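Student: Before we start, here is the structure in question, set down as structure tokens.
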Amino acid sequence: MVLIKVLANLLVLQLSYAQKSSELVVGGDECNINEHPFLVALYTSASSTIHCAGALINREWVLTAAHCDRRNIRIKLGMHSKNIRNEDEQIRVPRGKYFCLNTKFPNGLDKDIMLIRLRRPVTYSTHIAPVSLPSRSRGVGSRCRIMGWGKISTTEDTYPDVPHCTNIFIVKHKWCEPLYPWVPADSRTLCAGILKGGRDTCHGDSGGPLICNGEMHGIVAGGSEPCGQHLKPAVYTKVFDYNNWIQSIIAGNRTVTCPP
């Protein structure tokens, strides 16, 4: 694979995400204000609307989905309520963006990962702290947590003032393969959700973290429409498979290749 630093937005990639262009947590409740210091909100200078989420992994780097890229993107850290500001909230802009170019599957949707270097490092505080990258892969049955400011209703365009959280489980990949043609069996993705339905990421949650045992194991990539349907779990980029790529980019190695 070839590593490229993309300065233009990924228009084709974005248009391909009809299922969950940006997602929110359906079937969840308001997150505890202190449980998501790593959660960031992505928006643009032209709009205050949150179109995606992401996660802070150190003072200078944020991990999110490639299809969340926009021109003039802004990253807000330390936020809980959209309307009541935390004293330690900070806003940053990108210094650089890094992607994996997918040559095996032209639409690139099975490598939905973007690493953003911030123009200025953040200051850690009560509501701003990094999440750990995965130390090992998590298997089927692992309980994980999803969170975001995304849509909370499957029938109405209802978006919360505060992030919502809920627990889901990693399920067998076979549940996702027939639902999403861009998720082949050998893709580096996780399939996760509640098979009976009712709990899911949704529009506005894309790019946000899948947290398992305190580590970021997934990035919200895509799913069904409407969200939270019976036997229709969602797809998450498998962060563990990109650990070496992420650490190499952070260390300054711009020639590192993405996992095949």
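Yeah, the Cβs are placed from backbone N, Cα and C, and that goes for glycine too.
Feature list, courtesy of Swiss-Prot:
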- 1-18: signal peptide (SIGNAL)
- 25-251: domain 'Peptidase S1' (DOMAIN)
- Cys31-Cys165: disulfide bond (DISULFID)
- Cys52-Cys68: disulfide bond (DISULFID)
- His67: active site, charge relay system (ACT_SITE)
- Cys100-Cys258: disulfide bond (DISULFID)
- Asp112: active site, charge relay system (ACT_SITE)
- Cys144-Cys212: disulfide bond (DISULFID)
- Cys176-Cys191: disulfide bond (DISULFID)
- Cys202-Cys227: disulfide bond (DISULFID)
- Ser206: active site, charge relay system (ACT_SITE)
- Asn253: N-linked glycosylation site (CARBOHYD)
Student: Let me spell it out: for each of the disulfide-bonded residues (Cys52, Cys100, Cys191, Cys202), count the other Cβ atoms within 10 Å of that residue's Cβ, using every protein chain shown. Which one has the most?
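Tutor: Output for this query is Cys202.
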Student: Where the distance is taken from Cα to Cα, which of the recorded positions Cys100, Cys191, Cys202, Asn253, Cys258 turns out closest to Cys165 (disulfide bond)?
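Tutor: Nearest candidate: Cys202.
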Student: Within 10 angstroms of the C-beta of Cys258 (disulfide bond), what count of other C-beta atoms is obtained when all protein chains are considered?
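Tutor: Total other Cβ atoms inside 10 Å, all chains included: 21.
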Student: Where's the emptiest Cβ shell within 10 Å among the recorded positions Ser206, Asn253?
Tutor: Asn253
Student: When a 10 Å sphere is centred on the Cβ of Cys31 (disulfide bond), how many other Cβ atoms does it contain?
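Tutor: I count 21 other Cβ atoms within 10 Å of it.
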Student: Out of Cys31, Cys68, Asp112, Cys144, Cys176, Ser206, give those recorded positions positioned within 10 angstroms of Cys100 (disulfide bond), comparing C-alpha atoms, in sequence order.
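Tutor: Cα filter at 10 Å returns Asp112.
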Student: Within 10 angstroms of the C-beta of Cys144 (disulfide bond), what count of other C-beta atoms is obtained when all protein chains are considered?
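Tutor: Here the count is 22.
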Student: I'd like to confirm something. Which of the recorded positions, Cys68, Ser206, Cys212, Asn253, Cys258, has a Cα closest to the Cα of Cys176 (disulfide bond)?
Tutor: Ser206
Student: Work through the disulfide-bonded residues one by one (Cys68, Cys165, Cys176, Cys212, Cys227) and point out the residue whose CB has the fewest other CB atoms within 10 angstroms.
Tutor: Cys165
Student: Round to a whole number and give the Cα-to-Cα distance in Å for the pair Cys191 (disulfide bond) and Ser206 (active site, charge relay system).
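Tutor: Pair distance, Cα basis, whole Å: 15 Å.
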